[in-house]
Each structure stands twice: as structure tokens, then as C-alpha cells.
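Take a look at the structure below.
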Number of protein chains: 2
Amino acid sequence: MTKQMHLTAFMRPVSLHTGAWRYPGAYADANFNFGHLKSFIRTLEAAKFDAFFMADHLAVLNMPVEALKRSHTVTSFEPFTLLSALAAVTERIGLAATASTTFEEPYHVARRFASLDHISNGRAAWNIVTTANPDAALNFGLDDHVEHGERYRRAREFVDVVTGLWDSFADDAFIRDQESGIFFDPARMHVLDHEGPSYKVRGPLNIARPVQGHPVIVQAGQSEPGRQLAAETAELVFCSPRDLESAKALYADIKTRMAAFGRARSALKILPAAFIVLGEMVEDAKRKRATLDSLVHYDSAIASLSIALGHDASTFDPDAPLPEIPDTNASKTGREQVLKLAQEEGLTVRQLAQRYGGYSGLAFVGTAESVADEMQLWLEQEASDGFTVVFPFLPQGLEDVTRDLVPELQRRGLFRRDYEGTTLRDHLGLARPANAFFSA
Amino acid sequence: MTKQMHLTAFMRPVSLHTGAWRYPGAYADANFNFGHLKSFIRTLEAAKFDAFFMADHLAVLNMPVEALKRSHTVTSFEPFTLLSALAAVTERIGLAATASTTFEEPYHVARRFASLDHISNGRAAWNIVTTANPDAALNFGLDDHVEHGERYRRAREFVDVVTGLWDSFADDAFIRDQESGIFFDPARMHVLDHEGPSYKVRGPLNIARPVQGHPVIVQAGQSEPGRQLAAETAELVFCSPRDLESAKALYADIKTRMAAFGRARSALKILPAAFIVLGEMVEDAKRKRATLDSLVHYDSAIASLSIALGHDASTFDPDAPLPEIPDTNASKTGREQVLKLAQEEGLTVRQLAQRYGGYSGLAFVGTAESVADEMQLWLEQEASDGFTVVFPFLPQGLEDVTRDLVPELQRRGLFRRDYEGTTLRDHLGLARPANAFFSA
């Protein structure tokens, strides 16, 4: 059988593009309207997506007020409340929530994911983040943010505590014998008694073992400690490689690191973020993207371009090509990427700025056939096991993907025509973990 | 118009009675089966209950293993995940979740309740607990539990932070003007910058102001600092008075304390917990209760009776009346209550033990008419503004109340025949709080 592609939908915010809410016909409140989100997830489920993925922030993001007031992400639902509500109106699609190891307690995190997994009948996934945003720290009484390496050391211990708590009860602990009055077998309950450098947690967790054994573990870090944490613990990796070559390198690196932990390469799926814009002709798709980019306000756009260039771009003529920029050591890679993009697509300073201020990551822009070609290439070249789809605007950009692209992938035998199992682990082809303290 | 009664359902655990899950015909997994809970809340909503109330524990409760293994509460859903899922399958009924001020962060709590309030379209309530259970502390890295007075001082500050964060945005802050590209008015956003003895939280909250302005504030403490916190901040009080006289005293005390904070008496509703068992005849109801009590295991029952008596009762003849007990200073009130109960109902040691091991709080046991009489008396005597109903077993005990008792209360004009508004504040007759930082 052809290698199968996995598709998750990046849904918090519903589009990462800053102009998404202004696109003609788009819902201005797509990110914060429960009715809309319910219809999105049902459409994704009908298209057999693996999962609905909620990134998260623990603060209003710190940005200049001119950009902030134009941001549709400033009001968002909290992941557990939203995903639990969506669990009640769906049957099969996976539900991936982000939870921070820096600003949460492992007992709470273990409990909420176990609860979501039970409510959804085995569809929960935990996206582990260590939260780099200093604004978040200020909302939790910390003036200084915890240092990067230390955050990852704590995250590693945090994962051990959470998975240990999930294993508090054997799968068969709950007898519920009304006749004898025995509700559960206390010999099938484990008290964790964890005492580590950062956490001291007794347990047991006050909820039965999750339906999936453990909810699926997701990791998004691309840094050195992030890759190591992923190779050791993650089952799904969300990443943002810029192009096929860097994706192949990242893919090979993480999969190779897994061997040191005795893990099979298939026990982890790597799903890069891909911004997908479809049209009947390639030119239609490009035009849609240009329209979308044009809705990014120039003031915030030019700031993003300046950052990418490592040079103040605000004095450039917006409607002329990018001028020569004196060579400095700062941000050489970023500058080369901007120059490459300017040449390839023949963009003016304004258009470049709006690209960087909108969405500048990996994008597949074209017809269902041409985009399917690209996705298939990535799969075959071992650059990915599928994609985390970022929609350009809602609802149309999402409906374009489910109506046109998914059937094309199905025709090629690259994507399921129906769910084969009931849990997210089933969809992803991941084994149900054994209980660390009890044999089955 | 007759004073209206408010009814909330105590649903975590679904019955406080330890024998509930063994009652003939009861769901053994009523407390941990999402399908059952969904049907319960829909039945309660059809009966126009004000709210579904989730108590909470942050640990497997510490009890002797003989009692623990018989407890149907050892596995429960986490409140936010359960209530959010139930919000998606209901329209009107309120959703009250417990969150601890000792083991949670105010930013998380403010955010989750705001999110639940938006998802449910204005039906969230926060039951503030300070968490006295030392077992919970051990799950959060604390060897010693925080002292009682200090817990309440922190709780008071915690409430200020949470309500301040809820007011981060004016109600009209979100413009979403697709034409101009302005998503919200930054002049209508408030940065809290709270710095107090226990909490330092910058804000703003990353979610729009709740539909209700603030979710309804619930408080359950009956201690001196608990009463004070309730009088100052609560809008709903859940309490457990033993009888009419003590309820009247508590009611008068809390309502009187409110004046010092400039609050009207009607701005807080007091809903004592009432265990309700119904039958076609009073004797039928009593028989049901006796059957239920008989399902409490004697080993755990006798331990509860010993605690109530302040005397080891395990040597008494289980099937004889309570013997004379030498007088000591320990637990005089408890002992007097046991003796009163033994005399009134003519119970043996076994039956007394099973009462204390089952549910020994306020109970209304009788026909729909006789129970409605008692409830009406409490309302008229200013002992309560309604009740937090504890069901003896599920689903029958719940269905008895909604099918027989609620219509009787409606016939008397004591309880609504339909919801008059859409939010929990509407149901309770509570005003929507003004924003502390913005005028409407």
C-alpha cells in the first residue's frame, strides 16, 4: 500500500495569516465564534482529517498597537473548553490541545487530557510547549522568563509525571460489581510518588486511565533540545520548515535520533505546517493569495519585512522593487530568503512586506492537482508524513481544501476515504502504550 | 408574585450517597459515563433547573482502603472538560464549575471561565474553593497545606485578579471592521497590572469580556472567613445546614453581612444542599432510603458512626439499639445529633452507621406534596432561596424529582415553568456587573 498521508488542521488561530479575517466573504469572527468553529470541525471530520490542532498563547501578544488592533487573534477560546465542547458534537476527528509545561501543574494537565480523552472516546492529543513568550511570564507572577535549556529539562520531567499519572489505574481496575459492592480493585491502583528536581507529585490521578492509554504526545520545538525531546517522547511533530530540503534534513534528523531511545521511526509522525491556497487555475490561486496579502496593513507589514531583512525598510519606495541593501552580518539567511522571493515572484517592496506581515512560511498555492503533486513529493521524499494545514481564510479556504484537494489525495491512494478506527491513535497508526505499572 | 425558588443539581459526584451506584436499577457508572451525564443534564434542563453544579477534588480522597474500593467517586471527569462538553449539548441550563484558589493560577481560572461563558452563551458560574484537603497539596508539590486564614486572604485577592481580568476589554471593544481593518479598539482594552501580597498578574486576558460580564460567583464556605468572603463576593451560596433553624441563622447571618459591603440582599442566593427521596406514599420514600442505606458496607459505615459519636462503635451489637455511651467532652453536638436521629427514626446501630456512612445531611424524604411543603416552608421562613438538590441514585432519583416534584412546585407558583432569559444571571435574577474600567 502507498504510504499514507496524515492531515491535521491548524485551528488556533483559524488562520495564521493576519489578513484572513478581512478576505472578501470571510467570517470576521471565525476565530471566536463557536457556531463557526463547530461547522469547521464537522467539515474537517467529513473530509476524514486526523485532527483539529489548537496552538495557544497565555497572553495578549506583545506587538505595536498599530499591528495589535488589526489582529484577529487577540480574543480566542481556551483550548480545553473549546475542544471539549467540540468533542461533544463530533465522533471521530482527533482533538489536539496545547498545554504549557512552564505555566501549568502536571496534575492538572494529566487530569484534563485524561478527561478530554474519555469524553471524546479516545481522541485527545497533548501539544507540549515550554512557552517562550515573556509576556506570558508576566501573567503568572514571573518577571524573568525561565531559561531555554532549563525549560526543556523541566518539560522532560513534566512529561514523566503526566504519563506516570495517566497510568495510575490498570485498564481493568474498575469492576463496578453492584452485588459485592466493590467499585474498583485497589491492587490495580498505583501511587506515583514522584520526587524529581522540579516536581514532587504523589498521585494517584483521580480519573481512570485514558481510553488511548496515553493521549497522543505532540511536540513543536525545532531547537536542539526540542528535537531531542521530540525524538524521545513525541508521537506527532508539528514543524515549520521553509522548503523541501530543510524539511528532509529535519525529518531525517528527528527520525534518526529516535533510535537512541529504542523507538521505531514509525512511532512518530512529522507534519510540517503548510499554508494551502487553491484555485481552479494556478493563476487563480496566486491571485487569491495576492488579494489576501494586500489586506495586511502596510505599517505592520513593513515592520515584519524590516525584521526579515535586518534593515529598516520603511524608507524604501513601497511600489518599487527591493533596492540594493548594504551587506551586514545581521540576519544573512533572512535577507537571502527575501531576495530569493523578490526575484522568483517579482514582488514590490509593498508586496514583499505584506507577504512577511501575512504568512511567510511554507505555502502550496495552485490547483488541487498541482498542490497534491507537491504534497505527494514531500511524502515520497521523506520530508514529511503529512501536513498541518493552515487555511488562508475561513470558511472558503477550508472548504476549498476539503472539497477539492482531499478527494484528489484520495484518488491517488494517499489519504483515507474513511476512518478505519475510532481513536486518534488508530488514525495515526500509533500503538496504545502499555501501562508502566501494570501488565494488561 | 410569590418568592421564586432556585434549583441547582449537585452533580459531582452524581450522588453524594456512597451506596448510590448499587441501588437496584441505578447506573453503576453514572458518575463517569458521558452519555449518562448528557441525558441527566438534558432532563434537568427540560425541568428548568437553574444550574448543574460540579464540586471537585484534586486528589483521590484519602480513606481506608475498605471504604475506598467501594467509592464510586474515585474516577470523575474534570469540571471544565465535562461542563464544556455539556454546554455544547444544552441551551439554557447554568454550568457551575469548582476551581481552587490554592492550586490554580488566576490567569488560567479567569480565562477558562470566560471561555466556558462564551461557549455556553452566558451560562458559567465559578464555585470558589480554597481546598482544605491535604491530599491535594501532595499532588502539587506541597508537604504542608496552607493555613486556613491565609487561604482565605489569598482567595480574596485571587477573586480581585480574576474579576479584574474579566474586565480586560470593554463590551464593545471588538469592532471587526473588515473595510478599515480595525479588529478592536485598543483604547477599550485595560492592562490590569495587579501587584498584591500573593499575586502579580499583568493582563490583559486574551479573551473578550464574558457574556455575563462576570460568570456567577459561587461560594461554599460556612466558616467565619467563608461567610465573610461570601457576603463580599458571592452571588450563590451552596451550604449544608442540618435543619431549618440552623439554616435560618446562617441565611440571616450572611445576608446581614452583605450590607457592610453595600450589597443588596437579593444579590446573593442561598441554596442549601437537600437530599431528596420521593415515593408515592411517604412510607415508600422511607423504604427507598432504607434500601439505599442498607447498601453501605458495614466496615466503612461503622467508621463514620464512630467519628460522629466521637466513640468507637465497632464493638456495639449492630442489630441492637444504640447503647448508653459514657459522656465525654469530645464531639458533644455530633453525639446529640446521633441520639436524636436514633430516637426519631428508631434505628439500630447498623442503620445509624449506614446513615452516617451514606448521606447524613439535610434530607427531604416523602411524597412530592410533602417534600414541596417542606421546601416551601424553608423558602417562606427565609431559610433559603431554593436548594441544591442531591439525588439519592441515578437515573431514577433524578427522574422522580423532575417528573413529580418540579410540577408540584410549579403548580404552587414557586418555580418557573420556563426559562425567562438566556443566561444563568437571568435565571437567578442577578444583575450583569458593570465593567470596573469602562462605562457601557
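Every residue number used here counts from 1 along the chain in the order it is shown.
Any Cβ shown, glycine's included, is placed from N, Cα and C.
Note that the structure is a prediction, hence the values are computed from the model and not measured.
From the candidate list A:Asp56, A:Asp185, A:Asp193, A:Asp253, the residue TrEMBL records in the FMN site shared with A:Thr98, A:His148, A:Tyr152, A:Ser223 is A:Asp56.
Here the binding-site residues are A:Thr98, A:Ser223; the one with the fewest Cβ atoms within 10 Å of its Cβ is A:Ser223. Each of the binding-site residues A:Asp56, A:His148, A:Tyr152 was scored by the other Cβ atoms within 10 Å of its Cβ; the lowest score goes to A:His148. Considering only the residues assigned to FMN binding, A:Asp56, A:Thr98, A:His148, A:Tyr152, A:Ser223, the longest pairwise Cα distance works out to 19 Å.
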